[in-house]
Amino acid sequence: MTYSFSKPVSWVFLFTAVIYLVSLSFIQYPATTVLKPIPIVCLIVGVFRTSLSSSAKILLILALVFSLAGDVVLTLPFSLQLELGIACFLLAHCFYITLFLKSFEFNRLHLFYYLPIFLFMGFAAFTMIPYLGNLLIPVMIYFCVLMLMVFSAFQVKKETLTISSGALFFLISDLTLALNLFIYTQADVRIFVMFTYYVAQFLLTFGLVRLYEKGG
C-alpha cells in the first residue's frame, strides 16, 4: 500500500529543520519567529495532500496549527508569552489525544510503560514547583494533559511504535524546555529541545497519517 505523505514534503521538513537547528545559536528575534515554524508548515502541507478522511485531516491539521502558533508565540517578546504558549500547546495535545482515542485499543502490556513515565514526570513537576510562581496552575494542568497524551499514544491500535515514540519525544522536549526555562537557563539546551520537538512532530504526523490511511 502506498501512503500519501510524500517524500518531497519529508525532505523539505528535514532541510528546514536542520537549517533552523544549525542557525539557532546565532539568530535572534525576529529571525527565529520566521524560521522556527517553517518545518511545521511543511507537515501541514503534507497532511493537506494526504487521502485522510476529512475529520482525521482536520484534527491533525488543528494539532499542527496550534503547535505552530505556540512556536511563534514563544519567540515573541511580550508579557503573556508563556501563558499563551502553554495554551496553544495544550490545545494541540487535546487534538492529538482526540486522534489517539478515535483509534483506541486497550493493550494491557503497554501499562508497564506508564509507571516510569509517571514517576519521571512527577519528579520533574515536584522539582519545578518552587520556581513556577503564578504559572504553577497552568504548568501543572499542561503536565497532566501532556501525560494523558503520552499514555493515550500507547493505546492506539496501529502504528503504535511510531506514534508512542513521537509522544515520548514530545514529553522529553517539553520537560527539558520547562526545566531549562524555570531552573537552569542554559542557552545551548535550545538545540536539544528543538531537535526532539521536530522529531516528535514528524513521528506523530507520519504515524497518524499511516494509521488513518490504514482505516484507523
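The backbone N, Cα and C atoms fix where each Cβ goes, and this holds for glycine too.
Now, the feature entries from Swiss-Prot:
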type     : residues : note
TRANSMEM : 9-29     : transmembrane segment
TRANSMEM : 32-52    : transmembrane segment
TRANSMEM : 58-78    : transmembrane segment
TRANSMEM : 84-104   : transmembrane segment
TRANSMEM : 109-129  : transmembrane segment
TRANSMEM : 131-151  : transmembrane segment
TRANSMEM : 163-183  : transmembrane segment
TRANSMEM : 189-209  : transmembrane segment
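Nonlocal intrachain contacts for the transmembrane segment (84-104), taken as residues 6+ away from its ends with a CB within less than 8 angstroms of a stretch CB, comprise 56, 59-60, 62-64, 66-67, 69-70, 73-74, 135, 138-139, 141-142, 145-146, 148-149, 152-153, 155-158, 163, 167, 174, 204, 208, 211-212, 216. The largest share of C-beta pairs under 8 angstroms with the transmembrane segment (9-29) comes from 189-209, of the ranges 131-151, 163-183, 189-209. Of the recorded ranges 32-52, 58-78, 131-151, 163-183, the transmembrane segment (189-209) has the largest number of C-beta contacts under 8 angstroms with 163-183. Residues 29-30, 32-33, 36-37, 40-41, 43-44, 47-48, 52, 84-85, 88-89, 91-93, 95-96, 98-99, 102, 201, 204-205, 208-209 of the same chain sit 6 or more residues outside the transmembrane segment (58-78) yet have a Cβ under 8 Å from a Cβ within it.
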